[in-house]
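Okay, so here's the structure we're looking at.
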Amino acid sequence: MAQKSKIIYTKIDEAPALATYSLLPIIKAFTKTSGIEIETKDISLTGRIIANFPENLTEEQRIPDYLAELGALSLTPEANIIKLPNISASIPQLQSAIAELQEKGYDIPTYPEEAKTDEDKALQVRFAKVLGSAVNPVLREGNSDRRAAGSVKQYAKNNPHRMGKWSADSKSHVSHMTEGDFYGSEKSVTMPKATNVRIEYVDNAGNTTVLKEKQELLANEVIDSSVMNVKALRAFYAKEIAGAKKEGLLWSLHLKATMMKISDPVMFKHAVEVFYEEAIAKHADTIKELGVNFNNGLGDLYNKIQNLPEAKRTEIEADIMEVYKSRPDIAMVDSDKGITNLHVPNNVIIDASMPVVVRDGGKMWNSAGELQDTKALIPDRCYATIYQVCFDDCRKNGAYDVATMGSVSNVGLMAQKAEEYGSHDKTFIAQGDGVIRVVEFDGTIVMEQKVEKGDIFRMCQVKDAPIQDWVKLAVNRAKATNTPAIFWLDKNRAHDAQLIKKVNTYLADYDTSGLDIRILTPDDAIAFSLERIRKGEDTISVTGNVLRDYLTDLFPILELGSSSKMLSIVPLMNGGGLFETGAGGSAPKHVQQFMTEGHLRWDSLGEYLALGVSLEHLANVFNNEKAALFAETLDLGVSKFLEERKSPSRKVNELDNRGSNFYLAMYWAQALAAQDKNAELKTIFTKVAQDMEANEEKIVTELNDAQGTPMNIGGYFMPNEELANKAMRPSATLNAIIDAI
Ligand SMILES: NC(=O)C1=CN([C@@H]2O[C@H](COP(=O)(O)OP(=O)(O)OC[C@H]3O[C@@H](n4cnc5c(N)ncnc54)[C@H](OP(=O)(O)O)[C@@H]3O)[C@@H](O)[C@H]2O)C=CC1
Ligand SMILES: O=C(O)CCC(=O)C(=O)O
Ligand SMILES: [Mg+2]
């Protein structure tokens, strides 16, 4: 029974981890009054690294494999997990985290970039478990329901965030390949019965190498394979570099190297190699000797030349700078520091980067620190074109009006590592020319793809039960909201053609009379949704896993200013609940600001909302009245928080995350004090509310006075608990009230 009133709150990284030091003590203090236990599980990047190397560590240093534990929990009806965003680490981030742990006395081996020995290979396999998006696919044992809560949408309408102007003659556009990409090569089949397959490479002489020995497949599972031809990819990059130069546009590249941890770093590498071709060719021998890996971006070259004799290093640096003269302007991540789009693969991540281009009037930052029209490269055609439709709409009709625009929510096919986001262990770089094929255990060839050396092959899967659950969720959302639900599926794409058949079959199981449910191509679906948005009308997007990710940043960033304010629910297929806090990430820029000037602009609204639905879930599933009361009063607290505009400011010495959390606590306490359903809670929280009200000014002063100076929290990836607690709980007055509950 104890298990049933437990909520797991994940310990993660960067800005949300900092915010947790301030918010979690409040949540724990409030809920403990009703026997709801909040337990923390460390699934941060460092926590996961540590969990994978127990034999190297002392008893005190060890951390259990909480991710595996939570993965198992998510398969049970008792699961109630609040999941904050975590780092999906690129190799440079993994290396930095390891270095920090080593400095702190953790005997974690260094990541072997090149696997020269069997030992290196084994280490790479162990690190692969923490690389890239290693958390989300494990916990997401359900499909995704992301939307803006009514009160949050209304708040955004009443307090519109800044939107850049779109000019009718903006030259910004999206560029994609026209052949040789995943889209063009995709093949897809639905397996009639359970079986298992292997993936093998056959060279032109007929020699076979097994790439993956065994992949179990369930009956009715959809599998597909596709190839990115790297010759065509490089030709595309070269053409678009010339095109951007000619048109005076900022060249930018938008990939998802974090989540798509095998394929996209390779696509990133080719971009770096083509963009900096002359400098790289000139120093090819040195680059080889140093073992530079452009999968990690141009930054890897900068890192590895640090130990060269100064003359050589400056020569290489000068040759890189020389490249810019013949190149178009390149989008910058930090123009002051000279960090470009191509420095590291985890800075520009398509889901969050493209919406910001739309929000900023079709522009990105150039090296002079100014906004400039951009040529946005999204090589593969599967999802690139929707952004072009959006650009065209803005060019024609101007920027969206936050005060009046409708909303696009999402029902996403995500469960059980659906589609591309589960393809990492089935993605391979072709070792030569030939074919890569998927072969059944009895030798039947299921699919075959022609490859050239270096091409990226990938196989994806989506199981039937998640598809059925996804269709059900779409129908339920359409019914609950009486809003059109659009399946974004392209009958000309092999995979989507299989899904369309299934969607039509499963839709027939429901009474959909009176509902507007359609299947449209992604381009038509976005055009339809944007037209409605401009009329203030809402639409449900029902999409696969990648579009789930892209659209749940795109629309919230346009509608609410940030996807962190989304309600992000994962109804787990076995009955539990996974409650994600917003749809955004861990905001590394916020940590930089906190470290330099002691102001944390992270908005914890996503956490408040996730806690609300988590409590509601606890209440509904286990008939827990106190949890229901907490959910109800938290909702009132959040509404007041929004009305009173207590979100964090972006500027130092104004209310930041800590002050916002205080106000949320006060409004929540007031709502608990005002209710009459539970006398005991009324008494407890009347006092809390009174103490907070009486000390409001003092608390806010104590919190704001803590700002304005650099912060030392003893680490980036693994802050020192004591220092971080002190930094995030600087009001002795507030702490005394919370700790006394
Ligand atoms: N669910 C998950 O676990 C996810 C994890 N990630 C991970 O997060 C990291 C960063 O990813 P990135 O693509 O930069 O996206 P982020 O969402 O972290 O950041 C983009 C920008 O969004 C704004 N933002 C995000 N969250 C908040 C918030 N709570 N309050 C206020 N503003 C917010 C910030 O804008 P501004 O700077 O203008 O204030 C921020 O710089 C990566 O390591 C990525 O792998 C990414 C997505 C989801
Ligand atoms: O897991 C990741 O790397 C990112 C996930 C993400 O962006 C999302 O779910 O919106
Ligand atoms: Mg995302």
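Here the Cβ of each residue, glycine as well, is placed from N, Cα and C on the backbone.
The model shown is predicted, which means the values in this text are computed figures rather than measured ones.
The NADP(+) binding site annotation in TrEMBL covers Lys83, Leu84, Pro85, Asn86, Ile87, Ser88, Asn136, Gly585, Ser586, His590, Arg601, Trp602, Asp603, Arg650. The feature substrate binding site is assigned by TrEMBL to Ser133, Ala134, Val135, Asn136, Pro137, Val138, Leu139, Arg140. The annotation D-threo-isocitrate binding site is assigned in TrEMBL to Arg146, Arg548. The Mg(2+) binding site annotation in TrEMBL covers Asp351, Asp549, Asp553. Annotation comment: TrEMBL describes Lys256, Tyr421 as site 'Critical for catalysis'.
Locations of recorded TrEMBL features on the structure.
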{"residue": "Lys83", "record": "NADP(+) binding site", "DSSP (3 states)": "strand"}
{"residue": "Val135", "record": "substrate binding site", "DSSP (3 states)": "coil"}
{"residue": "Arg140", "record": "substrate binding site", "DSSP (3 states)": "coil"}
{"residue": "Tyr421", "record": "site 'Critical for catalysis'", "DSSP (3 states)": "helix"}
{"residue": "Arg548", "record": "D-threo-isocitrate binding site", "DSSP (3 states)": "helix"}
{"residue": "Ser586", "record": "NADP(+) binding site", "DSSP (3 states)": "coil"}
{"residue": "Asp603", "record": "NADP(+) binding site", "DSSP (3 states)": "coil"}
For Asp553 (Mg(2+) binding site): DSSP state (helix, strand, coil): helix
Residues among the binding-site residues Val135, Asp351, Asp549 that border ligand 3 - Cβ under 6 angstroms, in sequence order: Asp351, Asp549
For Lys256 (site 'Critical for catalysis'), the three-state class that DSSP assigns: coil
Local Cβ density at Pro85 (NADP(+) binding site) - other Cβ atoms counted within 10 Å: 26
Among Ser133, Pro137, Arg601, Asp603, the binding-site residues whose C-beta sits under 6 Å from ligand 2: Ser133
Candidate with sparsest Cβ neighbourhood (10 Å radius) among Val135, Val138, the listed binding-site residues: Val138
Intrachain C-beta neighbours of Tyr421 (site 'Critical for catalysis'), sequence separation six or more, cut-off 8 angstroms: Ser133, Pro137, Met259, Met260, Met414, Asn545, Val546, Asp549
Cα proximity to Val135 (substrate binding site), best match among recorded positions Lys256, Arg548, Ser586, Asp603: Ser586
Entries of Pro85, Ile87, Pro137, Asp549, Ser586, Asp603 (binding-site residues) sitting next to ligand 1, with Cβ under 6 Å as the cut-off: Pro85, Ile87, Ser586, Asp603
Top Cα neighbour of Asp603 (NADP(+) binding site) in the set of binding-site residues Ala134, Val138, Leu139, Asp553: Asp553
